[in-house]
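K.L.:
Quick one: the structure is below, and I'll ask about it shortly.
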Amino acid sequence: MSTVNRPRLRSAWNTTAALLILAVLLFPVYWMLNTALQPESSIAATRWLPTTPSLKNFDVALSTQGGSLLTSFVVALGAVVVCLALAAPAAYGLAQFGLRGGQGIVFTTLITQMVPGIVIANALYSAYAELDLVNSYLGLILADASLGLPFAIVLLRAFMVSIPSEVVEAALVDGANRFTAFVRIVLPMSRNALITAGLFTFLFAWSDFMFALTLNTTDDVKPITLGIYQFVGAHVSDWGAVMATAVLSAIPAAVLLVVAQKYIAAGITGGSIK
Amino acid sequence: MTTITSTASAGAAGGAGTAAPAAADRSPLRRGLLRWLFVAPALAYMALFFGYPLIRNILMSFQHYTPKTYFTGEAPFNGLDNWRNVFANELFSDSLWHTALFTVGSLLGQFTIGLALAVFFSRRFRLSGFVRAILLLPWLVPMVVSAVVWRRILDQDHGMLNSALHAVGLVSQDGVPWLNSPSVALLSAVLVNIWIGIPFNMVILYGGLQEIPRELYEAASLDGSSAWRTFRSITLPMLRPVVTVVLVLGFMSTVKILDLILALTSGGPADSTQTLGTVTYQLSFLQLDFGQGAVVGNVLILISAVFAVLYLRANRADFGKGK
């Protein structure tokens, strides 16, 4: 009898240990929520449990930082559009056309991932100043697209290599040109890879702080990362509202983790190893 | 043979042979151009947003920028002045040292804990997949946001960590000056960055562990190999390519750290957490001396380039497969 139960007992122990690990590692996330739900946390010490939870902090957060959340959303969405529009055809070309020098391009794409963002910002600011792109949505969207582009090209190319060329050739026989065949056949077939690349570009752009900090000198275009950074500087006493802002800015990551789990897992392993 | 090799040879032959009839009436040159049109926009973008900044930074490091430059447009070349000034600046050598400590400490912590968790979650038990998925959260949340949350937790007077440590009698009423003392702040930043990096290390290493053939473990257990021996003689050697990728990618994202430091300590107290990234930002965007900022940026690129070579060598297998 005991031999029958041993694996099950061990499994229960492992599950308990896993939940303990989870509790320790996610404690800061809990603390963020806990502080955000306690309206008096700015004066009194934060209690371990939000025994009398209130959404007052979220009211303050939304009224002061709501615009920044919207800005972040627009910028991140724009970055996704730019990034996929550039990466999808390029990945297809690199995967299927056997272009001369194609390997060199993949090689270069991998290298661009290594360029530190602050170096890009340093030179980009001068160029943006001349082109009047400082403090503009377009400027920030274009810069943020760079955070996802190399990743998207590498990921999409790895997928598109496996598309049988006969499928596209058949469409060409039917009179479609290469571009229509790409839009009608290749893109729908690559749906999952496109979603993965798009999700990650969204998260990269949503999380961007450096381009937001360096390519903006006014408050015209202020994403939430910059918003919370300035919020901490100015209202450091109102920690409840700061934490409520933090919770709101963590929502896309949390939602995607629940809704799009398989894409996230595919992206982390696919983008870094392949 | 596979479709992959057949397209490759058709492409190499310029579309000769069994090309589709619809495309046959076009000249090979035009077809070649059409194909490049797919790649050209992305190439142009990368030239503008990666190539141009690299070259411009080298030029800028020999130019004299002042706060007036953006009104007058004048940034005269000044030889090696920027380089001399930066290398004579104690802040630069300090930040180089801080960056090294921060990077080595972060990678050691992230990797060790990430590997331990990856090994642990390779066991079969209930909720394993679910917990593994939720653990990713710290990695997906914007780094600035995590840093702000930690700044509150590590606060000397009102922070939760000091009250908890005081409650169990580990520290006195004063608490540990996590972010207020020049001798502790860098360590605190390392701890926070380890926390941020654990999920990434865990997921990649977990993926690598699943690729190791089960038979190897079965053979080892038949030979009566101990758990530690099995780990050292099978797991680690088989995992080596993945370990290289994880460490190099971790290095790349850690050596240029900026978000975390700015939101956690702003480089203080007493410049004790200034890194190459924050010094570049400070020189260029706060002191508006873009020339000196570019010098530090170039040093950062040089360091990254050395490790990029390592990364590409680890990834060479992938290029072999490509067309």
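Just so it is clear, glycine is given a Cβ too, placed from its N, Cα and C backbone atoms.
Per TrEMBL, the features are:
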TRANSMEM  A:12-33  transmembrane segment
TRANSMEM  A:69-92  transmembrane segment
DOMAIN    A:69-260  domain 'ABC transmembrane type-1'
TRANSMEM  A:104-125  transmembrane segment
TRANSMEM  A:137-156  transmembrane segment
TRANSMEM  A:193-213  transmembrane segment
TRANSMEM  A:239-260  transmembrane segment
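Any idea what these are sitting next to in the structure?
P.N.:
Nonlocal intrachain contacts for the transmembrane segment (A:12-33), taken as residues 6+ away from its ends with a CB within less than 8 angstroms of a stretch CB, comprise 46, 50, 243, 246-247, 250.
Under 8 Å from some Cβ of the transmembrane segment (A:104-125) lie the Cβ atoms of residues 94, 134, 143, 146-147, 149-151, 153-154, 157, 210-211, 214-215, all in the same chain and six or more residues away from its ends.
Same-chain residues lying 6 or more positions outside the transmembrane segment (A:137-156) and placing a CB less than 8 Å from one of its CB atoms are 74-76, 78-80, 82-84, 86-88, 90-92, 94-95, 106, 109-110, 112-113, 117, 120-121, 124, 128, 190, 193-194, 196-198, 200-201, 204-205, 208, 211-212, 215-216, 221, 223, 267, 270-271, 274.
Within the chain, the transmembrane segment (A:239-260) has long-range Cβ neighbours (under 8 A, six or more residues past its boundaries) at 29, 32-33, 35-36, 38-42, 46, 56-58, 60-62, 64-65, 69, 72, 76, 195, 199, 202-203, 206, 224-225, 227-228, 231-232.
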K.L.:
Could you give the residue numbers and ranges of same-chain residues that sit at least 6 residues beyond the transmembrane segment (A:193-213) on either side and whose C-beta is under 8 angstroms from one of its C-beta atoms?
P.N.:
72-73, 75-77, 79-80, 83-84, 87-88, 117-118, 121, 124, 140-141, 143-145, 147-149, 151-152, 155-156, 158-160, 187, 221-226, 229, 249, 252-253, 256, 260, 263-264, 266-267, 270-271
